[in-house]
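Q: Heads up, here are the entries from TrEMBL:
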- K78: ATP binding site (BINDING)
- 333-356: compositional bias 'Low complexity' (COMPBIAS)
- 357-368: compositional bias 'Pro residues' (COMPBIAS)
- 47-314: domain 'Protein kinase' (DOMAIN)
- 321-385: region 'Disordered' (REGION)
- 415-443: transmembrane segment (TRANSMEM)
- 455-478: transmembrane segment (TRANSMEM)
- 484-508: transmembrane segment (TRANSMEM)
Amino acid sequence: MEIVCTRPTCPRPANHFADLENSATLTTVQQKFCTACGMPLILSGRYLPEKLLGQGGFGAAYLARDRYTPNLRPCVVKLFQPSGDLNPDQLALAQSLFQREAAVLEEIGRKHLQIPDLYAFFPLMVPSLKPGKQEEYFYLVQEFIDGEDLEQALARSGPLSASDMIEVLVSMLKVLSFVHDNGTIHRDIKPSNIMRHRDGRLYLLDFGAVKQVTAAQGKPSGRSTGIYSIGFAPPEQMAGGEVYPSTDLYALAVTCITLLTGKEAGELYDSYNNSWAWRAHAQINPAIADVLDRMLLPVPNQRYESAKAVLAALRQAASSGSANAAAPPPPRAATSPAAPSPNTAMQTPASAAAPTAPAPPAAPPGLARPPKGTKPVKAKSASPAASASQSTAMSSVSLVEFLSGAAFTGFEGGLLAIALLSLLGTTLLGSGAWLLLLAVLILLQVRRVIERFDLVIIAVVTLGVVLLFPPLQAILATSATPRITVIVLAVMAGLAAIAIGTLFRLIYRLLSTFM
């Protein structure tokens, strides 16, 4: 079994122990030590780090196994070990943030399915590689989410469709509603902190920058510590001012428009007009765009004041189906603060305490005042099915998605026609069955029950079935190479569907332009 040493300065962290392949030895051995630096490898007596997941200025994250669970449950071990150039105040701040993340995960992780659970939090004192000295490390162990974050998904697959973006928006709003109701503000919403599990569920990660709220919702939560991601943080957070639930809503909106357009936040921000100029890069229901624009306003009390209020506005926009469904953004204040010039760098306590560039201008008095006399909009609960259908109705279909769907429908329709004609002949029953199956396939695509890789899998399986069972090729018995003929006819049907679909799409676009 491979175990990785977690000492940051270890010259050779990989260790192999053949005896740990035996389950009895694995659960009874007291400890194993790094063969290069002598560091204890079995953390807290039970966690076995096996792979480095990532490394940053404050430590590293490892994929580990819990040896005291029947299936060696995977988990994430986070090591707190900041760089050595921090002064005592900065080090204390960084350590408090790490401990705060553990406390928040313990408090709310077990209460919500889309927030990782905390398994353990413990210190470890070990002899230093320098004689006569000791080193102290802090570890946080949390639930492992098997999937990829949305930043990785964006790099791999490109921009999200409007419906997929709305799915992310609605899902994260529900999580944020829970987080805010439990007296916490996340303060670092961005694509890399949203993880999609292999089963499709979205998780909100990295609570290391959270702010505990001691006042009522909508009231200021205390001054920001300077922990934020440039480009996603709103002006009040950039300026080190008060943060609110609407601070997270701003960052979530920036996250959504970057996922929808595939562009960096800096490319979508118009610094000359102090506003976001993203609509030209996306196709989306104008009413939904209005909701996002209000979330992106620079002054906190001009945004929605709660995640529930945004969910209510989205439901209203979906039900009305018009650009006027969402409440229009209030007029911008003449003295609104300059919004951040978006980048993607992460501000750490070190950089916040000792900046290399001039600090952002202080927020004007109106910025820190909490909204008065307003109450959060009470959102009626909506079932997942209803949310999904609303998302589909309010979205636009991209050209690539449209063409891939047409190709699949034509290819699959050709295969089904060959199979049904071979079995049933040119009868009314055969034609009716073919039309019914084709209609079901189209409906499943429209409802997004099947999409993307599902289409490829279904097409390959159907082709394999038709090729492997000769009775399904009986109509092509006169052909010298029936299997090749099946493939050729199916491909031709797919190309024909693309041509017909493109023609009708073009006609529709022309008519909608002139009418």
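Here the Cβ of each residue, glycine as well, is placed from N, Cα and C on the backbone.
From a predicted model like this one, the values you see are computed outputs, not experimental measurements.
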Q: Any residues 6+ beyond the ends of the transmembrane segment (415-443) with a Cβ under 8 Å from its own?
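A: That would be 408-409, 450, 459, 462-463, 465-466, 471-476, 486, 489-490, 493.
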Q: Write out the long-range same-chain contacts of the residue listed as 'ATP binding site', meaning residues 6 or more apart in sequence whose Cβ is under 8 Å from its Cβ.
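A: Listed in sequence order, they are G59, A60, A61, Y62, F98, Y139, L140, V141, Q142.
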Q: Can you work out the mean pLDDT of the predicted model over the domain 'Protein kinase' (47-314)?
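A: The answer is 87, the mean pLDDT of the model over that range.
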